[in-house]
């Protein structure tokens, strides 16, 4: 960030500095070893049960958990001031790529970790080790539809499946789904999207159902709309649908053509506890520990063996279940980091017409 | 002569001291006044003038590259844009690229260059990875890492990002850009957005203001003419939503207006419609929610003005033979002009900046300027765009306000 900024960012920088100071004070008060920062919430509770406690028990390393909202600025402030009090952080993929680009994270030494061949491919990156998989799927309300849709082609088929459809307001996810609906195989979506003709093709496909789309922005909206009958089918985060299913709603997920992405562990550049951080990542990547995490919350493990250790009903809800992975596509974060702004601008202009 | 001069001489000292005492008293009063105003003035400067100035400069600020890579920016300034820049430019670029990894500099340069071409971020990343510690021939070294460094276009993009100020954000906010030859031209049809957004913002804000006036005027009239007991009760009904959180009210509208919501179900039960109407996530929903939220800002100024108008004027007009409507229109309404003026300008200006309500109850074609300001500030971190959209909105609002001020003042002048 440059020096000439919005006053708001000065304020937030002040807040960040203040919280860094308090974090530093807390750190000096309790002589801890490894500080692990996650996004907290239900996922944080699952991590506590699956990773933090067992890791401390089995290795004797002291661990201080914490949570944050994924702000790269806080990590940047720590690295810049040389006052690194967080050692291991949970990162979403776009921030991981940006932070890696700016040198905020230690590059992962995969030789040392020795997990390269064991984890799913997209868990292996320069600066981060994948920890769980979440997915954007096609979901529908089985009560409202006579026949079950099975693909994005069906999503575009307004004659056989009449009614409103929900999509996330934005180019990301939407363009991928449009291309898949137009018959592009999952594996080729990003190759097509990287060309101007491919982008035109995706928007032309979106034109077909423009009037039938109800755009969502918050992850809570799709399941709510499905339950309320506002839309007959929608794209949605799989965890939200699972939660609505648990409440007794008759919602179904189509895994074919789902887009998945990972959250990662990244080691903050300049951490004093790199060795412990590697130990923790290794521990958290073991199938038995991943299985414990996934049984607490319906996010998929990155170690394929972990699926086998879950109960069948649970395993089937995971994006990483073998059956669910068929026809699924990993979000190409590097593509979106580069072309995101251009495509979102085009999307905004298209949607506003 | 001498006596007059003596007189004058005798009279002048007390006169002078009176003058100076008067002056001292005046000065004291001025100091007191300034002292009383100072906290507010200071507050306004800190929270209003400085941030707005900051925003206006951010809209033309091009600082990231010249700040992070000052030498590269300086050497590229000399370059004529033909062939390749000289070895000095290559060397300073390589050195400054290495140094930029500290302190987020690389991130901001990458972001800025990506506006020129989305390939830059990847290119910088690859170059960073392969950068040797030292080299005699940086040109050779960089081209070896990536052949893109041997192309004129790559360097021209960096040269474009090098000056400390740029008009690109302001132009982009008006759907304009500089073409390859430097002329200002409209962007491609498929990328045009912001002219329509500004227009839409004005239409929505104007529409909301008119609806608020149409609903608020009779309501305020009723409140001002009813006996105090009843009007106090009604006033609470006006103020109750005013005291409720904006988000709660917006969410309530979504629940009321959705396909299976109360509104549609009631209409269907009454047999007025057969299938649910689309009342939310479109312009209708935006109008419903915004009018509901802004109505008190129209009613309150109108009420305070109407409360001060004596009913005897209208009665006098009627007793002199005027039709009751003529008495209302020609005697009562002109006296409410200041309330109408205050209410409409308040509602209009507040409506211009609305963000949460259209974002929640509107579709993509109902988003106002603030939505894009928030989008660029939070989602893409493109503060240049956010600031220039905000600046243009500010300028347009000020212009509209001036025109409005003229109109209202003239009306009041005619009346008096």
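Quick reminder: no glycine exception, Cβ is built from N, Cα and C everywhere.
Keep in mind the model is a prediction, meaning the values are calculated, not measured.
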Among ranges B:202-224, B:317-339, whichever one TrEMBL labels transmembrane segment: B:202-224
Selected stretch (most C-beta pairs under 8 A with the transmembrane segment (B:340-363)) from B:33-56, B:202-224, B:236-256, B:284-305, B:383-404: B:284-305
Cβ pairs under 8 Å between the transmembrane segment (B:383-404) and the transmembrane segment (B:33-56), at least three: yes
Contacting positions for the transmembrane segment (B:284-305) when only residues 6+ beyond its ends and CB under 8 Å are counted: 204, 207-209, 211-213, 215-217, 219-221, 223-224, 235, 238-239, 241-242, 246, 249-250, 253-254, 257, 278, 335-336, 338-340, 342-344, 346-347, 350-351, 354, 357-358, 360-362, 366
